[in-house]
Amino acid sequence: MAVIQKHVKNYSPDVVCHKENHPSEKIGLAGCQKKWPEHNVSWSRPVARIWTVVLLLGTCLLYCARVAMPICAVSMAEQFGWSKRESGMVLGSFFWGYCFTQVLGGYVSDRVGGEKVLLLSAAAWGSMTAFTPVLAHFCSQPIFSMTLARFLMGLLQGVHYPSLASLCSQKVVESERGFLMSTVGSGSYLGTLVIGGAGSLMLDLYGWESVFYVSGLLSVLWAYCMWKYLLKGEGPIITLEALGSGGPQSKLTKRHWLRLFKQPAVCAVIITHLCTASTFFTLLSWLPTFFKDTFPDAKGWVFNVIPWLVAIPSSLFSGCLSDHLISQGSDTASVRKLMQFFSMGVSSVFTLLLCGNTTFPWAVAFVSATMGFTTFSHSGVSVNVQDLAPSCAGALFGKFKNNDFKLWVLMVYFSGYLIEATSSWASVFGLITTVNLLGLCTFLAFGEARRVDIDFSKVRHHNIHI
């Protein structure tokens with residue numbers, strides 16, 4: 001009996017072929033013989049480790065530039081005569097810009113490569129950061145120039161994490177994604193610590209302008225080094241032709257997106273990611289106020305530093321643990337669920353312990369444990385999107401981040417309402433625990449790790465048996 005395999009140059013729109021270099025990603029399609037462009041070849045382990053360090057530094061500098069304005073806001077308000085409302089307008093404008101480019105960043109990264117988007121955006125937001133003092137001093141209305149500058153910063157930095165997700169799905173094998181994403185994710189905590197310590201010192205010694213100059217120029221230097229030594233000086237030019245002729249793995253039409261969002265596993269990731277992000281940022285926003293209200297005589301640096309010192313090694317450990325379990329043959333979906341159980345389940349136990357009467361050392365310990373276990377999501381739901389849809393991981397992750405912002409704002413405002421209405425922090429911690437458990441139960445029930453961005457029913461038509 002002969003088998004005629006029909007090789008079609010123009011694939012059906014419901015077929016998305018994506019070739020990987022490791023067994024876990026093989027889809028067993030005889031008709032998918034096409035070689036993709038070079039940017040879809042997975043990194044070797046030594047190269048992946050170099051990129052992990054580089055991306056860690058990039059994320060660290062991203063947060064240094066992002067947190068520069070909050071650190072300098074008080075000094076700038078005194079110099080320019082801003083009210084609390086005006087300071088809040090400047091600080092809040094960043095997030096409105098941030099939510100607009102999430103999907104776009106992932107969409108472009110899926111087509112031209114995440115490294116190009118990361119490089120161009122870092123050069124842009126680094127330059128904007130270094131140029132901020134100039135805008136403040138030479139504009140007749142600093143409040144407007146700073147609001148616009150922060151909005152543009154949000155636009156430029158909004159592509160960072162979707163580009164990382166896209167780059168990781170294209171370049172990193174499944175058994176090493178947890179370590180890369182958790183390590184790079186710890187850069188946000190490291191950056192917050194660095195700019196909190198060094199930035200405060202520069203602010204006192206050299207003025208607020210120095211914080212922007214140093215963080216901005218270091219970011220530009222990082223982008224230059226990545227272009228020079230990792231991309232070998234290749235021009236990071238993104239053309240309309242490149243956007244239109246991206247690999248077949250990136251050509252997802254509206255019908256594909258609708259089919260993708262009908263998958264229970266994708267819906268589970270969306271809900272869980274929403275819950276994880278909103279509870280984390282709610283804690284991040286209100287914990288300083290909680291400590292000030294509950295322990296007014298406590299030193300601020302203790303509760304502003306110790307939780308992040310715990311979060312960094314915790315994030316690294318979760319990545320190493322998840323990759324080790326997968327490399328030893330554990331089911332990928334089970335590992336992702338285990339990491340998310342620690343992130344949302346175990347952390348909620350320590351969040352609830354804050355509801356009772358406790359001393360300041362124990363409160364710091366509970367908060368540190370909460371933040372530490374929360375970082376396990378970097379090896380859980382955050383990387384699960386790359387398991388489900390590596391062909392469009394950047395765009396899909398961007399959609400998650402865009403929705404996260406909306407729910408985060410809602411939860412922060414609602415938490416403030418609960419505090420005023422009940423005069424009790426227990427209501428806020430109870431709300432956070434409830435949302436966490438909702439997301440965790442959803443992920444445990446419907447979460448998977450198999451690819452869902454391929455319609456296998458359509459692929460069968462390419463093999464004709466006689």
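Every residue, even glycine, has its Cβ placed from backbone N, Cα and C.
Here TrEMBL flags 50-69 (among others) as transmembrane segment. Residues 43, 90-91, 94, 118, 122, 125-126, 129, 132, 146, 150, 153, 157, 160, 164, 171, 179-180, 183-188, 190-192, 194-196, 199, 211-212, 215-216, 218-219, 222, 225-226, 230 of the same chain sit 6 or more residues outside the transmembrane segment (50-69) yet have a Cβ under 8 Å from a Cβ within it.
Annotation comment: TrEMBL describes 51-466 as domain 'Major facilitator superfamily (MFS) profile'.
The feature transmembrane segment is assigned by TrEMBL to 89-108 (among others). Same-chain neighbours of the transmembrane segment (89-108): 66, 69-70, 73, 82, 117, 121, 143, 146-148, 150-163, 165-166, 238, 243, 392-399, 401-402, 405-406, 409, counting only residues six or more beyond its ends whose CB sits under 8 Å from a CB of the stretch.
Sequence-distant neighbours of the transmembrane segment (117-136) (same chain, 6+ residues past either end, Cβ-Cβ under 8 Å): 55, 58, 61-62, 65, 68-69, 76, 80, 105, 108-109, 142, 145-146, 149, 152-153, 156-157, 159-160, 163-164, 166-167, 208-209, 212-213, 215-220, 222-224, 226-227, 231, 236, 238. Positions annotated as transmembrane segment by TrEMBL: 117-136 (among others).
Among the features that TrEMBL reports, transmembrane segment is placed at 148-167 (among others). Under 8 Å from some Cβ of the transmembrane segment (148-167) lie the Cβ atoms of residues 55, 58-59, 62, 65-66, 69, 90-91, 93-106, 108-110, 113-115, 117-118, 121-122, 124-125, 128-129, 131-132, 135, 181, 184, 382, 385-386, 393-398, 401, all in the same chain and six or more residues away from its ends.
Marked as transmembrane segment by TrEMBL: 179-199 (among others).
Annotated transmembrane segment per TrEMBL: 211-231 (among others), in sequence order. Distant neighbours of the transmembrane segment (211-231): 50-51, 54, 57-58, 61-62, 64-65, 68, 71-72, 115, 118-119, 122-123, 125-133, 195, 199, 202-203; these residues of the same chain sit at least 6 beyond its ends, with a Cβ under 8 Å from one of its Cβ atoms.
Taken from TrEMBL, the feature transmembrane segment covers 265-286 (among others).
Residues or ranges marked as transmembrane segment in TrEMBL: 306-326 (among others).
Taken from TrEMBL, the feature transmembrane segment covers 338-354 (among others).
The transmembrane segment annotation in TrEMBL covers 425-446 (among others).
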Which of 306-326, 338-354, 425-446 shares the most C-beta pairs under 8 angstroms with the transmembrane segment (265-286)?
425-446
By a Cβ-Cβ criterion of under 8 Å, what residues six or more beyond either terminus of the transmembrane segment (425-446) are in contact with it?
264-265, 267-269, 271-276, 278-279, 282-283, 286, 290, 293-294, 337, 340-341, 344-345, 347-348, 351-352, 354-355, 380-381, 411, 414-415, 418-419
So what's the mean pLDDT when you look at the domain 'Major facilitator superfamily (MFS) profile' (51-466)?
86
